[in-house]
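If you look up Swiss-Prot, you'll see Cys23 marked as active site, on the strength of sequence analysis. Positions annotated as ATP binding site by Swiss-Prot: Lys26, Ser54, Arg55, Asp56, Asp74, Asp97, Gly145, His146, Ser147. Residues or ranges marked as Mg(2+) binding site in Swiss-Prot: Asp57, Asp97, Asp233. Annotated site 'Important for catalytic activity' per Swiss-Prot: Lys26, in sequence order, evidence recorded as sequence analysis.
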Amino acid sequence: MSNSAVSSADSIKLTEYSHGAGCGCKISPKVLTTILASQLPVFTDPNLLVGNQSRDDAAVYKLNDEIGIISTTDFFMPIVDDPFTFGRIAATNAISDIYAMGGTPMMAIAILGWPVNKLPAEIAQQVVDGGRQACMEAGIMLAGGHSIDAPEPIFGLAVTGQIALTDLKQNDTAKAGDRLYLTKPIGIGILTTAQKQKKLKDEDSQIAVNAMCQLNSIGAKIAKITGVNALTDVTGFGLAGHLLEVCQGAKLTAKLDLDSVPLLPRALDYLAQGCIPGGTHRNYDSYGEHLPALTDHQKAILCDPQTSGGLLVAVSSEAEAELVALLNAHQIEPICIGSLETPTSTANVVLC
């Protein structure tokens, strides 16, 4: 290791070694559209049940008439300074995509980029251990991985899962009349930006961490409810971005009750201090034309990039009580944030 390497693990603040944080590192939806516009002939496989057409949370491949294999990957730069916690959050976030399809994880492979001439290998070990801890909590093995020397720390997982095809949930299959539920509060981008700006108070340091370390394992149980018509997780594109994917995929309009959207404690306080991540502006620039006129305050909430955010559920009114009972049984507050209806305007999301 060079003389520029940090020798004391206690003095290392991982967020100072990256230009972005967590899912806020995501390439904006608009730029991503350009990247994915392939010039090659379209190749199809009838067994690929879910690919990239709807930008769903994971790919699903039909193994037989009953079982599908789910494949996904997610990785990003540090969103917290503690290496173990960073690894745990990154892994929890990656595993979430399996649950968002209604499946259960089977195993994971680690993805690690590390500036070996700037940061000790012992710190990378703690990051990987954090990922291993999340895998253990999900009941799976961290079965291997791949690493490269990179200018900034990067960590995540490639995760394989399985799903009973009768339980498969997608992000583009919602129906008019569905009610919208969110399983975690919004505001992770705001609080982690407060940390990066050194405004976060010590007593608030675990608010976002606790939310990001919570596995979305409830998704596998939600998927067994027949009246759940669509399911996705809310991550880097913010609540508005992922809700738009649901609306556009099903050709519906969301009637959103912004006052009902749950927020993390203290999120509004830090928002008032200007703690708005860059990803918020990139998100709005990418899809703001599909939203109603918003105040800066509303933009900051709806477009706030989440890392390891909650599940967004579209459920029929007939099955709503069953969903509420399930969430209550697992100590998740059931919060309805709106509904879906047949479009009456060009906006995909309207506020009520």
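Heads up, the Cβ atoms here are built off N, Cα and C, so glycines get one too.
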## Note on the structure
Minimal Cβ count within 10 Å, across the binding-site residues Arg55, Asp74, Asp97, Asp233, points to Arg55
### Task
State the count of C-beta atoms found within 10 angstroms of the C-beta of Asp57 (Mg(2+) binding site), not counting that atom itself.
28
### Task
Quick one: give me the count of other CB atoms within 10 A of the CB of Gly145 (ATP binding site).
16
#### Entry: Ser147 (ATP binding site) to Asp57 (Mg(2+) binding site) - Cα separation in whole Å
24
### Task
Quick one: pull the CA-CA distance for Asp74 (ATP binding site) versus Asp97 (Mg(2+) binding site), whole Å only.
9
### DSSP three-state assignment (helix, strand or coil) for Asp97 (Mg(2+) binding site)
helix
### Query
Can you tell me the three-state DSSP label for Asp74 (ATP binding site)?
strand
